[in-house]
Amino acid sequence: MEKSWFNLLFSKGELEYRGELSKAMDRFAPIEKTTISKDRFIYDMDQNFYAWGERSSYYNNVDLLVSSKDIRNFISDETFFVRDSNKNRYSIYFDRKKKKFEINNDLSDLEFFFYSYCSSSYLNNRSKSDNDPHYDPYIKDTKYKCNNHINSCIDSYFRSHICINSNFLSNSNNSNESYIYNFICSESGKIRESKNDKIRTNRHRSNLMSSKNLDITKNNNQLWIQCDNCYGLMYKKAEMNVCEDCGHYLKMTSSERIELLIDPGTWNPMDEDMVSADPIKFHSKEEPYKNRINSFQKKTGLTDAVQTGTGQLNGIPVALGVMDFQFMGGSMGSVVGEKITRLIEYATNQRLPLILVCSSGGARMQEGSLSLMQMAKISSVLCDYQSSKKLFYISILTSPTTGGVTASFGMLGDIIIAEPYAYIAFAGKRVIEQTLKKAVPEGSQAAESLLRKGLLDAIVPRNTLKGVVSELCQLHAFFPLNKNSLK
């Protein structure tokens with residue numbers, strides 16, 4: 001008999017075989033495991049997970065979820081110790097050969113669900129069919145029936161007993177369901193899908209790649225966006241550049257992130273006229289540095305790779321800097337460093353909370369050592385802001401955040417938040433592999449891996465990011481100017 005511990009979470013959709021969400025504030029018990037297949041499950045033996053919450057509401061963090069369609073693959077003479085959202089523990093014992101299903105005495109009503117299904121006419125009268133997509137010629141029909149209805153009774157029980165009703169951090173009444181169901185990811189940061197799902201996705205992809213749909217995307221690129229993972233079309237503003245089909249996080253421009261975080265009509269930009277003057281006269285055979293700067297300025301409408309300014313976040317005055325990867329890969333040159341430095345100095349003088357949203361490929365090589373100097377310059381003013389003035393700095397890492405930004409202000413936040421699936425590293429995967437002649441483990445530079453190693457404080461989806469940052473500011477005594485503006 002094998003025994004396994006796992007945290008149980010259930011939303012109003014089908015249980016998904018995915019991985020973990022994130023950590024936040026309230027301590028949740030660790031996950032333990034004795035023996036189970038490594039290929040079937042994702043687990044972490046040493047990790048404590050956390051959850052955002054208020055007095056009567058909470059979010060669970062999940063290290064292990066099992067799909068209902070995969071249940072027949074693991075219910076062979078195993079006892080599972082289950083911990084529900086209220087931290088109550090109980091056991092479920094399956095014996096597929098003897099068709100036994102046992103629950104401890106505290107959950108006798110779950111047994112009632114199971115035996116009700118087993119005695120139903122549907123179970124007794126169901127016949128085998130070659131057209132049944134679930135039919136497996138190598139598994140006896142009786143075993144399939146037993147497994148199917150074990151899953152059904154568990155499904156019914158948890159639907160009726162486990163619910164999460166908090167509307168914290170979101171304006172939507174269904175925020176928790178979407179938070180839990182849509183943002184559960186695997187350890188590698190990619191959504192797992194079954195063989196049938198892949199076939200369906202490929203067919204769907206071929207349809208979406210038709211000339212008609214591509215024309216729609218080109219003609220309405222301000223309204224619609226195409227996922228670069230599954231090629232599905234989505235309404236840009238409503239979905240926050242997150243694919244509703246596969247959960248893939250697409251890049252956002254700095255203007256889109258400002259719109260996401262800052263209250264309408266409160267944004268006041270700073271140093272918009274600051275432009276790089278090619279300080280080291282960088283020579284390039286392909287394209288002069290000045291010409292390249294001009295082309296990106298026309299393409300993005302920005303003067304350089306960062307926007308800085310002040311505004312209100314749910315009524316709270318903040319100083320905000322947002323890097324834009326579309327401008328030369330978000331590289332940090334003298335202008336980027338100077339604008340961020342001036343923003344921090346302004347926040348220090350005005351005693352404002354500081355938020356920096358990072359998305360960068362690192363220091364800008366066209367400016368040589370001047371770009372590297374920005375790392376020390378920004379870190380120096382941050383030291384005064386944090387250590388001397390005791391003010392609050394939140395660093396938000398998006399994909400990708402690498403190089404000099406990671407090595408300086410990106411990882412200096414009092415609170416370091418990352419988006420799901422974000423690629424965060426100092427040296428890129430290709431550079432490491434070429435230097436060390438060793439393969440970099442898949443997912444080792446993903447936000448989820450860094451969270452487990454303690455390099456991040458939380459992984460927060462876009463739809464809850466504004467609420468999380470607002471709550472953090474209030475915890476550090478930064479309150480809205482108008483209490484009615486707090487949502």
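Placed from the backbone N, Cα and C atoms, the Cβ positions cover glycine too.
Annotation comment: Swiss-Prot describes Cys227, Cys230, Cys243, Cys246 as Zn(2+) binding site, evidence class sequence analysis. Using a 10 Å radius centred on the Cβ of Cys246 (Zn(2+) binding site) and all shown protein chains, the other Cβ atoms total 16.
According to Swiss-Prot, the domain 'CoA carboxyltransferase N-terminal' annotation covers 223-487.
Here Swiss-Prot flags 227-246 as zinc finger.
In this structure, of the binding-site residues Cys227, Cys230, the smallest number of CB atoms within 10 A of the CB marks Cys230.
Across the range of the zinc finger (227-246), the DSSP-based residue counts are 4 helix, 4 strand, 12 coil. Listed in sequence order, the residues Asp228, Asn229, Tyr231, Gly232, Met234, Glu244, Asp245, Gly247, His248 complete the 8 Å Cβ shell around the Zn(2+) site centroid, once Cys227, Cys230, Cys243, Cys246 themselves are left out. Its Cβ placed at the centre, Cys243 (Zn(2+) binding site) has 22 other Cβ atoms within 10 Å.
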